[in-house]
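Annotated in Swiss-Prot:
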{"type": "REPEAT", "residues": "11-50", "note": "repeat 'WD 1'"}
{"type": "REPEAT", "residues": "54-95", "note": "repeat 'WD 2'"}
{"type": "REPEAT", "residues": "101-142", "note": "repeat 'WD 3'"}
{"type": "REPEAT", "residues": "149-205", "note": "repeat 'WD 4'"}
{"type": "REPEAT", "residues": "210-253", "note": "repeat 'WD 5'"}
{"type": "REPEAT", "residues": "259-298", "note": "repeat 'WD 6'"}
{"type": "REGION", "residues": "307-356", "note": "region 'Disordered'"}
{"type": "COMPBIAS", "residues": "308-356", "note": "compositional bias 'Low complexity'"}
Amino acid sequence: MVSLLQEIDTEHEDMVHHAALDFYGLLLATCSSDGSVRIFHSRKNNKALAELKGHQGPVWQVAWAHPKFGNILASCSYDRKVIVWKSTTPRDWTKLYEYSNHDSSVNSVDFAPSEYGLVLACASSDGSVSVLTCNTEYGVWDAKKIPNAHTIGVNAISWCPAQAPDPAFDQRVTSRSAAVKRLVSGGCDNLVKIWREDNDRWVEEHRLEAHSDWVRDVAWAPSIGLPRSQIATASQDRHVIVWSSNADLSEWTSTVLHTFDDAVWSISWSTTGNILAVTGGDNNVTLWKENTEGQWIRINYESGTAIQSKQPSHLPHSHSQQQQALQQHQQQAPSHPGPSSDSEHSSNLSNSQLSN
């Protein structure tokens with residue numbers, strides 16, 4: 001059964017765009033159009049432990065680093081900046097690093113799996129993706145940029161898990177597929193792209209085409225050792241699509257999870273990767289689980305039972321429709337579109353904190 005555990009009054013002075021729990025589910029970070037980030041204890045009183053001020057515009061998203069690096073939090077904003085914060089206690093926070101080399105709003109940030117070190121990916125409306133790597137011994141940051149990652153802008157970014165599928169399940173799993181760093185991004189060109197690090201450069205490995213409008217969110221599912229990878233994508237076109245690959249990530253197939261009543265803004269996997277939470281313009285949060293036949297079913301909030309969603313397994317979509325939608329957005333897109341309007345971006349989900 002799904003039920004409300006707690007309600008927190010953040011006391012932000014404007015729209016709250018995103019909330020994220022830390023690795024242990026104890027500290028909650030929120031961000032808002034008031035330009036601030038606030039830290040709460042998720043299991044105690046509702047008063048903010050700290051208020052982080054450093055942005056001069058709406059803050060779209062926050063992301064926690066793995067606790068092996070300490071209490072580290074990243075935030076991104078319409079002001080084109082990414083700020084990495086560090087705390088000695090939940091109440092005492094300082095600015096560890098500030099990155100300001102994007103030409104437009106920074107819409108999404110995501111820390112890499114801890115096996116790769118302290119690495120942060122950033123997605124921007126200027127069409128590029130930045131990968132920031134910290135040398136933790138010297139406290140020096142290095143930035144690499146993927147220019148022109150998406151036409152018009154990049155809305156979302158997510159890392160591939162470092163843990164590879166178990167070779168015991170599939171002999172096609174190789175050490176190469178396990179060791180290579182990968183990212184998935186979604187953009188205003190209606191595309192989903194998978195990027196691979198190759199000789200200190202980031203190259204486009206796959207281009208996934210199925211959405212007919214802006215891709216608002218992407219989420220690479222946590223690995224539990226099974227011989228496949230899954231990526232969920234959410235779009236303005238009201239669809240959530242789950243992409244699945246074979247063990248060596250050489251081929252991807254798409255399945256439409258559901259067609260919603262309004263645009264879909266945010267998606268989040270459970271820590272075990274078997275439940276997907278979805279929220280969007282219909283002001284609802286729904287939970288979905290894949291059955292043994294590969295069909296996605298919605299979990300009933302009242303009883304905890306599953307309800308099958310009658311959807312086509314694949315979404316028909318032509319290249320000409322994609323081009324038409326892209327041209328329409330090119331004509332309408334502002335110079336700094338940001339991730340979305342306030343009303344759209346108010347329903348983002350906390351990352352990977354769902355119960356399974």
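All positions are counted from 1 along the displayed chain.
Each residue, glycine too, has its Cβ placed from N, Cα and C.
Here the structure is a predicted model, which means the values were calculated and not measured.
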*asked:* Should anything in the same chain at least six residues away from the repeat 'WD 3' (101-142) have a Cβ under 8 Å from its Cβ atoms, list it; otherwise answer none.
replied: 57, 60-66, 68-69, 72, 74-82, 84, 148-159, 161-163, 181, 183, 185, 187-188, 195, 202, 335-339
*What average pLDDT does the predicted model assign to the repeat 'WD 5' (210-253)?*
92
